[in-house]
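Student: Pasting a structure here, questions to come.
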Amino acid sequence: MATIALPWSLSLYVFLLLLATPWASAAVKNCSHLECFYNSRANVSCMWSHEEALNVTTCHVHAKSNLRHWNKTCELTLVRQASWACNLILGSFPESQSLTSVDLLDINVVCWEEKGWRRVKTCDFHPFDNLRLVAPHSLQVLHIDTQRCNISWKVSQVSHYIEPYLEFEARRRLLGHSWEDASVLSLKQRQQWLFLEMLIPSTSYEVQVRVKAQRNNTGTWSPWSQPLTFRTRPADPMKEILPMSWLRYLLLVLGCFSGFFSCVYILVKCRYLGPWLKTVLKCHIPDPSEFFSQLSSQHGGDLQKWLSSPVPLSFFSPSGPAPEISPLEVLDGDSKAVQLLLLQKDSAPLPSPSGHSQASCFTNQGYFFFHLPNALEIESCQVYFTYDPCVEEEVEEDGSRLPEGSPHPPLLPLAGEQDDYCAFPPRDDLLLFSPSLSTPNTAYGGSRAPEERSPLSLHEGLPSLASRDLMGLQRPLERMPEGDGEGLSANSSGEQASVPEGNLHGQDQDRGQGPILTLNTDAYLSLQELQAQDSVHLI
């Protein structure tokens, strides 16, 4: 019996639950007479209207968030017949962000009846799905003309979540006309200014603006703003008197041309005006003579001469024909043998006994000194040669010459002095120079202390090439056999002791048969003189 009673009681419980469920869902979802809007910041405005007659004196709206621990309440006030409204203040400041898009509010309408408070309406509210912003404010005229006007406005209490989705509408009307006849202008972007055109001059207008957040197509337009009244400017009276504007431009152009030609005529005819203009337009340039008194007195106050080049222009142009430069001979490194210092047999004609000598033949081979790996190493002799071509003159005066068949004795330097000479390639007109003749080798002089020799002067004559004593002094060691080294040293020292220095010059003067090379001192030029003669062919 107990087992039959349990299923009967369970079925009765389920039946009662099914009956109660539709009533509860209807109480939650029935929001037809209650409208609430969120201004995206800290305010929820609600309006409640009912059809049935309720004997109530006071009603309130209660709001509770599912994510926040607060309850807000506002009292409904009668706005019009059977309509009540109130504002739920959610934050302490109007610009505070009180809700987000995930908040859900439970809103209830409770009224006081004779027996107590009774819940009349219950509704779930999603704030960001029911947005209605505050109406724009601070409308002002930025620029006004006869037919145009520029107007701006501001918006407030707008959340940063919906700022990119704002759009506006504006309407205008003639003062005294109805708003239903006004034209509406749509601004689909966040543009807080409006440029009105094609207005009537000297006419009064009124403008209103509203805003909406176009987010998920659920936004609602805000209320219209307070109307802005303005009046356009009257028409220009000059345009009515002179409607042809091109005539004014023509008169302006003619006036400019006449003024220009008048100024030119005055400047040409007035000869005293030029100095006056120079005085007026002159910039203050300081006098350099006040700061450089020495230079000013040296050049007589001539600034152009002071600033000019100290070298005349004629210095940079060649004054005569370009000299002929003889070819440069380059030898291989293997030719650095003793043959470079040998004189050929027919090197120079014999001098005359009268003391006159022929013109020396010089080349420019000693002017170039190369220090390359395989080149001939030459000590830098401070001797410069002219670039004149070689000219040989035969002495026509009476004098004896060597017979054609007589051989020239070779002039060889000592082994210790070979590096002191400026070595040149063998030529018919070769002339040897040495800055300083070094001391003879100890192999020639034994243990005798070396004596310094002074360099040959340009005005002194060279020793005779045919002097056999001098040839004996300059005979190289490498020409002697290997076993005669000691004998050569003894003979050399003996000859040096037996032959005095003055005897060498005496023998050269007594003999007139040895060839003598007399230096041509006119052929030697310093580097500055060479550059002064021909500055174009500088090396």
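In case you wondered, yes, glycine gets a Cβ from its N, Cα and C as well.
According to Swiss-Prot, the feature signal peptide maps to 1-26. Positions annotated as topological domain 'Extracellular' by Swiss-Prot: 27-240. Summarising the annotation, Swiss-Prot assigns N-linked glycosylation site to ASN30, ASN43, ASN55, ASN71, ASN150, ASN216. Marked as disulfide bond by Swiss-Prot: CYS36-CYS46, CYS74-CYS86. What Swiss-Prot lists as motif 'WSXWS motif' is 221-225.
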Student: I'd like the Cβ neighbour count for CYS74 (disulfide bond), meaning other Cβ atoms within 10 Å of its Cβ, all protein chains included.
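Tutor: Result for CYS74 (disulfide bond): 17 other Cβ atoms within 10 Å.
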Student: Of CYS36, ASN43, ASN150, ASN216, which recorded positions come within 10 Å of CYS74 (disulfide bond), going by C-alpha to C-alpha distance?
Tutor: none
Student: Which one of these glycosylation sites has the most other Cβ atoms within 10 Å of its own Cβ: ASN43, ASN71, ASN150, ASN216?
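Tutor: When each Cβ's neighbours within 10 Å are tallied, ASN43 tops the list.
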Student: At the level of the C-alpha atoms, what whole-angstrom distance separates ASN43 (N-linked glycosylation site) and ASN150 (N-linked glycosylation site)?
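Tutor: For ASN43 (N-linked glycosylation site) versus ASN150 (N-linked glycosylation site), the Cα atoms are 32 Å apart.
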Student: Could you check which of these recorded positions, CYS46, ASN71, ASN216, sit within 10 Å of CYS86 (disulfide bond), going Cα to Cα?
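Tutor: Cα within 10 Å of CYS86 (disulfide bond): CYS46.
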Student: Over the topological domain 'Extracellular' (27-240), what is the model's average pLDDT?
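Tutor: 88, rounded to a whole number.
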Student: Write out how many residues of the motif 'WSXWS motif' (221-225) are helix, how many strand and how many coil, based on DSSP.
Tutor: 0 helix, 0 strand, 5 coil
Student: For the C-alpha pair, I'd like the distance in angstrom between CYS46 (disulfide bond) and ASN216 (N-linked glycosylation site), rounded off.
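Tutor: With distance taken Cα to Cα, ASN216 (N-linked glycosylation site) is 21 Å from CYS46 (disulfide bond).
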Student: Please report how many Å separate the Cα atom of CYS36 (disulfide bond) from that of ASN71 (N-linked glycosylation site), as a whole number.
Tutor: 16
Student: Compute the C-alpha separation of ASN71 (N-linked glycosylation site) from ASN150 (N-linked glycosylation site), stating it in Å without decimals.
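Tutor: That separation, Cα to Cα, works out to 46 Å.
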Student: Measuring Cα to Cα, how many angstrom lie between ASN150 (N-linked glycosylation site) and ASN216 (N-linked glycosylation site)?
Tutor: 32
Student: Under DSSP, is ASN216 (N-linked glycosylation site) helix, strand or coil?
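Tutor: Assignment for ASN216 (N-linked glycosylation site) reads coil.
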